[in-house]
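Take a look at the structure below.
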């Protein structure tokens with residue numbers, strides 16, 4: 001059964017993120033499905049994106065390349081350790097010992113837990129005033145400082161300090177990506193091309209269907225070019241690494257020098273975003289609210305109204321499952337890779353270059369394909385296959401999704417290594433193949449998944465929903481690392497973690513691939529457990545626009561309007 005859409009006419013107002021829902025057809029039957037155009041450009045007072053502003057946005061991502069977590073320091077083993085494999089190397093922990101692999105995974109689990117707290121507590125607060133702009137600046141400076149602090153990591157006995165610096169770097173790095181991405185929807189709505197599209201729609205020069213398609217392509221353009229710049233930056237960073245690693249290969253502090261150089265690269269490129277970013281403030285914080293508590297209140301309201309945003313929450317949940325498996329798989333493979341190459345920063349740099357070149361080529365290649373054939377974001381991100389017709393909606397579920405198949409095959413390949421030493425991440429060539437495959441099929445997926453989140457996030461609540469997206473992506477690995485570290489600690493075998501990851505990735509992909517219609521009478525979790533999955537981006541976008549208008553009064557005043565039937569008087573705020 002297709003979901004009926006209720007057509008609503010909303011009067012445009014000149015506020016922080018005005019949106020408009022056009023009733024394109026009048027239908028006497030209240031349950032009849034009508035066509036609703038979601039028009040989401042920002043208010044006219046917001047400045048048009050300039051060329052140097054857009055380039056500074058790209059350059060920030062060019063430099064933001066996870067320097068601390070990819071630069072060769074293991075968070076618990078430290079430099080110069082004499083252990084040969086992380087699974088049989090132990091360190092003091094509490095009243096006993098733990099394997100290095102377990103401590104690495106614990107560090108990741110702690111990092112993800114801290115990111116979860118950050119994204120849920122202050123994610124929504126970033127939608128108010130200029131708080132989001134300053135939040136990104138502060139978190140970026142913390143990340144820069146943490147990476148400079150790595151200069152103090154000169155002996156194996158400082159593994160505890162290395163773990164602390166790793167966690168701070170990892171958390172701040174993940175937060176920079178989330179709050180940087182949260183600026184993307186508002187930026188994309190204000191490009192000259194997006195403004196021109198809005199004018200053509202208002203002048204009835206194009207249809208609403210063409211407007212939505214072209215606006216979506218504009219979002220994909222910005223997202224893909226920024227991701228392409230990130231991959232270009234990754235190549236430059238790795239080349240900078242080689243410029244120090246090769247001539248100073250025998251210097252015991254060569255890794256430290258390399259991190260300082262690459263951190264300076266990010267500072268030089270990233271600072272321009274904070275200089276050229278034009279002011280697009282959100283509404284002021286409602287009277288009586290606090291930046292620390294407003295986020296939890298808004299998330300609670302959104303969760304209570306999940307029926308109005310079914311596709312948004314289905315997408316977030318499915319992405320949470322897949323990211324948990326994907327992120328933990330990457331961590332475990334990096335542990336095996338470091339064992340294979342004995343924590344060689346130089347060899348890991350060569351492997352990173354292989355991934356960087358393939359990621360760059362695939363990102364721009366997928367974008368050209370989408371641009372040429374005007375393929376919708378949904379099909380590029382490969383979360384089901386849902387095709388809408390003008391006079392009805394038809395769902396075609398169960399599309400064979402190659403990127404998700406790759407996600408399943410990676411832990412399966414590692415699992416085979418339990419029974420044979422011939423392959424299963426036991427050989428050098430396998431890690432080269434892994435980095436190439438990851439670059440080809442996972443890098444474009446991240447770009448399109450970000451665009452899809454921008455399509456499904458209610459305008460004006462960008463930081464709130466990108467915070468939840470960050471929770472589903474960057475901070476999702478709370479289950480995997482904890483389970484895997486316990487398995488490895490008990491078995492002293494890194495490869496014993498792959499069966500669990502294979503099961504987790506398979507379950508997540510099944511949730512994404514299969515399903516019939518999405519019944520709004522069943523909670524999201526129940527729908528997914530029953531196989532009822534479907535992400536209709538067109539309807540999800542329109543639902544988001546309607547939801548944003550209905551909840552805008554609370555976001556700006558803290559007072560609910562009387563006709564908001566989805567809320568009770570006992571909830572936060574008060575009835576007007």
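The backbone N, Cα and C atoms fix where each Cβ goes, glycine too.
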Exercise. Quick one: which of 67-87, 193-213, 256-276, 277-297 does TrEMBL have down as transmembrane segment?
Worked result: 256-276
Exercise. In TrEMBL, which of the ranges 451-472, 473-494, 495-516 has the transmembrane segment annotation?
Worked result: 495-516
Seminar exercise, completed: Among 34-58, 159-183, TrEMBL lists transmembrane segment at 159-183
Exercise. Would the transmembrane segment (100-122) count as touching the transmembrane segment (431-448), if touching means at least three Cβ pairs under 8 Å and pairs must be 6 or more apart in sequence?
Worked result: no
Problem set entry | Stretch with greatest number of CB pairs under 8 Å, the transmembrane segment (256-276) reference, 159-183, 231-250, 350-369, 431-448 candidates | 231-250
Problem set entry | Tertiary contacts of the transmembrane segment (431-448), as residues 6+ beyond its ends and Cβ separation under 8 Å | 220, 223-224, 226-227, 231, 326, 330, 333, 336-337, 340-341, 351-352, 354-363, 365-367, 377, 380-382, 402-403, 406-407, 410, 425
For this session: Grab the same-chain neighbours of the transmembrane segment (350-369) for me: Cβ-Cβ under 8 Å, and only residues 6 or more beyond its ends, written as numbers and ranges.
Result: 70, 220-221, 224-225, 227-228, 231-232, 234-235, 238-239, 337, 341, 375, 380, 431-432, 435-436, 438-444, 447-448
